[in-house]
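**Student:** Structure provided below as structure tokens; questions to follow.
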Amino acid sequence: MARKMLKDEEVEVAVTDGGSYDYDLFVIGAGSGGVRGSRTSASFGAKVAICELPFHPISSDWQGGHGGTCVIRGCVPKKILVYGSSFRGEFEDAKNFGWEINGDINFNWKRLLENKTQEIVRLNGVYQRILGNSGVTMIEGAGSLVDAHTVEVTKPDGSKQRYTAKHILIATGSRAQRVNIPGKELAITSDEALSLEELPKRAVILGGGYIAVEFASIWKGMGAHVDLFYRKELPLRGFDDEMRTVVASNLEGRGIRLHPGTNLSELSKTADGIKVVTDKGEEIIADVVLFATGRTPNSQRLNLEAAGVEVDNIGAIKVDDYSRTSVPNIWAVGDVTNRINLTPVALMEATCFSKTVFGGQPTKPDYRDVPCAVFSIPPLSVVGLSEQQALEEAKSDVLVYTSSFNPMKNSISKRQEKTVMKLVVDSETDKVLGASMCGPDAPEIIQGMAVALKCGATKATFDSTVGIHPSAAEEFVTMRTLTRRVSPSSKPKTNL
């Protein structure tokens, strides 16, 4: 069945009178998108219910929690571990600033793990209170479709109950994938990596995406020997190639061993740990093997076919520009739709859904100039187009401005690690198409750049802006020398 793409005037605005249904809206999944969609819909007067699995730090078919992947087993606990890992470098840098650190500095993994768990338990409660204060009915259990207006919730005790709703919103997120190789059961995913009882001394990571790079930085900062394997020449496929090179250099500079163009072929248990065999015949012994090879939409147990909801070849729910599925009253937001899989994007999609369905304001999510960050050490952050993307879209030449410098702090600490910044500009309009930064505080700085790009800032706007001195951020408004001018007809290497 082909999806009908809605026009603005065709978007039905819900009448929140309940009608013959139990609820105006039933939401499956209380992650970032589900919670936002629930409470904003309730603020428009809708009668809303939401179902979610019982809380647990590690997800499964029967375990979840309010806040979803980001809060419980993703962005938040990961960032806490990044903070914890960063102190090793700070202690090293402190010496040349006059700090005399005598004796051993011991790291207590169990204490950090305990405090991390306490924080996500707290946040799980915060999300429940937000829903309760918004008037949303919370139901514990796993939801699945019976038909276009009925959801069946399987409770933790195995009992089942059905609820009807005029509209259904699916916001079940995604789950980590495992590579199908012999011994795969010996590996862990990011879920387990955030809750390990013991900190590994020897870690092998398979994958070149942001999760792989972040855990490589985390474990190395905590003292582990880390080997990172990935299929391409550089990690972070999809990011700007020049910035990918910078990240790879920084990882190696921090002591992480990179294995580009290499895959794992087999894992086996030995007396000394896990034996890892690569497709090049190399063998390594590790305490932990992490599969960081991507995530897949959480749609398998929703019984979507019962209502006629279409999915693509990886199980992502197909939606139109308003997040409506192939069934007119069923909607989906967040990772389960596999659009831009970021928490703030799920929040945006859910807000647009509520405005469209219950607010009388048909609103499409705007995916232009969405910023993102990789919390490696140091971090990478970007907004807008990479140089390669700009060349694919440009009708005129692309102007590239770059700055590579030693931050003031490194001048004293003697750390050999440069900060790199980049602006991509349309030569015809002078509009800044993209901004990238790899270095300390990059995500904090790029968030401000995102506002500038969203407002249509030109290079002249940047040049006329007064900087804050001394700061790294001022480099973005002092890059006046053109690094290179690139024609769209050129063919940059894109399969790195």
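Every residue gets a Cβ built from N, Cα and C, even glycine.
Keep in mind that what you see is a predicted model, and the values were worked out from it rather than measured.
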**Student:** Which single residue out of T40, T150, T343 does Swiss-Prot record at the FAD site shared with S32, G33, E52, T69, C70, K78, G143, D335, H469?
**Tutor:** T343
**Student:** Of the candidates G158, G281, G294, which does Swiss-Prot annotate as part of the NADP(+) site that also includes G208, I211, E214, R231, R237, A373?
**Tutor:** G294
**Student:** Do you know which of the binding-site residues S32, T343 has the most other C-beta atoms within 10 angstroms of its C-beta?
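**Tutor:** Its Cβ has the most other Cβ atoms within 10 Å: S32.
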**Student:** Just the number: how many Å between the Cα atoms of I211 (NADP(+) binding site) and S32 (glutathione binding site)?
**Tutor:** 19
**Student:** If you measure from the Cα of C75 (disulfide bond), which of the binding-site residues E52, G143, T343, A373 is the nearest?
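**Tutor:** Of the binding-site residues E52, G143, T343, A373, T343 has its Cα closest to that of C75 (disulfide bond).
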**Student:** Hey, how far is G208 (NADP(+) binding site) from T343 (FAD binding site), Cα to Cα, in Å?
**Tutor:** 20
**Student:** Let me make sure I understand the structure: which of the binding-site residues listed (G143, G294) has the fewest other Cβ atoms within 10 A of its Cβ?
**Tutor:** G294
